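Taken verbatim from Swiss-Prot:
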- Cys69, Cys71, Cys87, Cys90: Zn(2+) binding site (BINDING)
- Asp489, Asp491, Asp493: Mg(2+) binding site (BINDING)
Amino acid sequence: MIDQYKHQQLRIGLVSPKQIRAWANKILPNGEIVGEVTKPYTFHYKTNKPEKDGLFCERIFGPIKSGICACGNYRVIGGEKEEPKFCEQCGVESVDSRIRRYQMGYIKLACPVTHVWYLKRLPSYIANLLDKPLKELEGLVYCDFSFARPIAKKPTFLRLRGSFEYEIQSRKYSIPLFFTTQGFDTFRNREISTGATAIREQLADLDLRIIIDRSLVEWKELGEEGSTGNDWEDRKIGRRKDFLVRRMELAKHFLRTNVEPEWMVLSLLPVLPPELRPIIQIDGGKSMSSDINELYRRVIYRNNTLTDLLTTSRSTPGELVMCQEKLVQEAVDTLLDNGIRGQPMRDGHNKVYKSFSDVIEGKEGRFRETLLGKRVDYSGRSVIVVGPSLSLHQCGLPREIAIELFQTFVIRGLIRQHLASNIGLAKSKIREKEPIVWEILQEVMQGHPVLLNRAPTLHRLGIQAFQPILVEGRAICLHPLVCKGFNADFDGDQMAVHVPLSLEAQAEARLLMFSHTNLLSPAIGDPISVPTQDMLMGLYVLTMGNRRGICANRYNPCNPRNHQNERMDHSNYEYRKGKEPYFCSSYDALGAYRQKGIDLYSTLWLRWRLDQRVIASINREVPIEVQYESLGTYHEIYDHYRVVRSVKKGMLCIYIRTTVGHISFYREIEEAIQGFCRSYSYGT
């Protein structure tokens, strides 16, 4: 449907029989109203034309060929001449054949039929509203027993067969004989209701507001009772309270949407447009038909049989009518959801019929395959791997994917720079992977964001924008901090990449969807770009110190058992064999690590600036050891640092005890804070 703001949308729900008739009925120019399908036939076996009033009738659903009626006469569609747009001989309008994609029909059911989705699917909406067990309702719908009409507004379920006690032997055969007489038909029609008719009568008598009020009162009474001391009784009360909550929510939904409960019982069965259930001619004079056509034919056959029985009801036994009503109910159930009641219906080749539910639900259904999961151009898909060198707003795009996604832009760049005279030559250069192609691709990608999406998209952070960077390999590289928004990890997850084409889409991607602008959860406001899994493990490994001889190395930097640094005799900084190295700056320490002079976990002493505070308080902490030198200066050794003081107790310098991993981690944090401050100052 299309609302008042011209937005196309789809609404699924219950409709009234009046609305179904309005969708299907159409008035022909001669005043005749058509729309009801009464015959189970499709095409005539000789003429190969649709049967009149059948499942492919041209009077109901429109012509097969535009402007050509069933007689074969052609009339111009939308011509200015005042020619009749209707064939009086066959009754077919001269309209576009595309009408057969949306023109519906209907089957007028001889008896009401319960919609199996609302009866058998869990939770059962009909059982919830009526507050009846599902098994009893199924027995009533499928005519296993009958329902006595309300007496003093107290409806009861009665199993009429087998409910009599034959105290007198003579009545053992006389009472069952009454159920086969003509007098019982009058009694049955007046006092007994069965099948979907009984369900519809009960649903029509419901007052939804009274249901809400009574359910709320009962829920409060159960809540005030408290625990009974019996676990089984407490669980029973809890289940009853949950049921009352579901019942109130269901009743409120019916009131809010202006839907009547009795609409869950069908009296008119919609017939899909023919183009949605086609019959295709193949070689050899054979044809392939949709399974839904066969299921519709079965419904019409049984419905017509029931109509014939009801027109001759005086001579038809009531048992036969009830049996035929059950067959109609089962045929409609199979059409809507084959196999929901047990064994599915199969064809002659033992193949299960594909019902309406099978057509629309699941991964290969109409919605997910055609509407939601539709394949689009300018998109790709690949496995994600971690990109440790990427910024938060960047993603690594493989060359093979990037050249396909941005191929049209690269072709335009080659032609504009006069490197190719036409599209064919440009494509040949791309196939040959000439160096100029990658240069133009780099220029194109610099100003063009891409969208990354991981299914299922459960919230808005399931799709975010990134600045693409060309990488080698065939996997998409991703910054690990954005994984939580996608609910992704690097164990084989796949992600789709899309290219926004219009300027509006690119602007929206840059302003609203870039990953560095989505740092907080839209649901609760907590930070969502936090280190998890691989990053936490990496930070642990990075900041993990050397555990070998930790006590001796911790308090005595001159411990000769510090064997890991023995090969550093020839370095350009002050160091003596058997001692932990001293560094004047973090650059010197990282340089020694790159030259493999020390490893990631080697403990070292790093000179600290006097204007920078040490985390621990020097004034309050007692030194572990004090070492004096010959010139009067001395070293105060603490837990994680050492202070060099002069003779007058003035502080000359401070050394902190750390590792290369800690230094790298500190520098990363420092650069991130400085970058944020610079960007903030530019923004203000």
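Residue positions begin at 1 at the first shown residue.
Any Cβ shown, glycine's included, is placed from N, Cα and C.
Feature map: Swiss-Prot annotations on the structure.
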residue : record              : Cβ contacts under 8 Å, 6 or more apart
Cys71   : Zn(2+) binding site : Cys87, Gln89, Cys90, Val92
Asp489  : Mg(2+) binding site : Cys483, Gln533, Asp534
Asp491  : Mg(2+) binding site : none
Asp493  : Mg(2+) binding site : Val383, Ile384, Arg454
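Excluding Cys69, Cys71, Cys87, Cys90 themselves, the residues of that chain whose CB lies within 8 A of the CB mean position for the Zn(2+) site are, in sequence, Ala70, Gly72, Asn73, Gln89, Gly91, Val92.
Apart from Asp489, Asp491, Asp493, the residues listed for Mg(2+), the same chain places the Cβ atoms of Ile384, Ala488, Phe490, Gly492 within 8 Å of the centroid of those Cβ atoms. Summary: among the binding-site residues (Cys69, Cys87, Cys90), the fewest other C-beta atoms within 10 A of the C-beta are counted at Cys90. DSSP gives Cys69 (Zn(2+) binding site) a coil state; it is part of no helix or strand.
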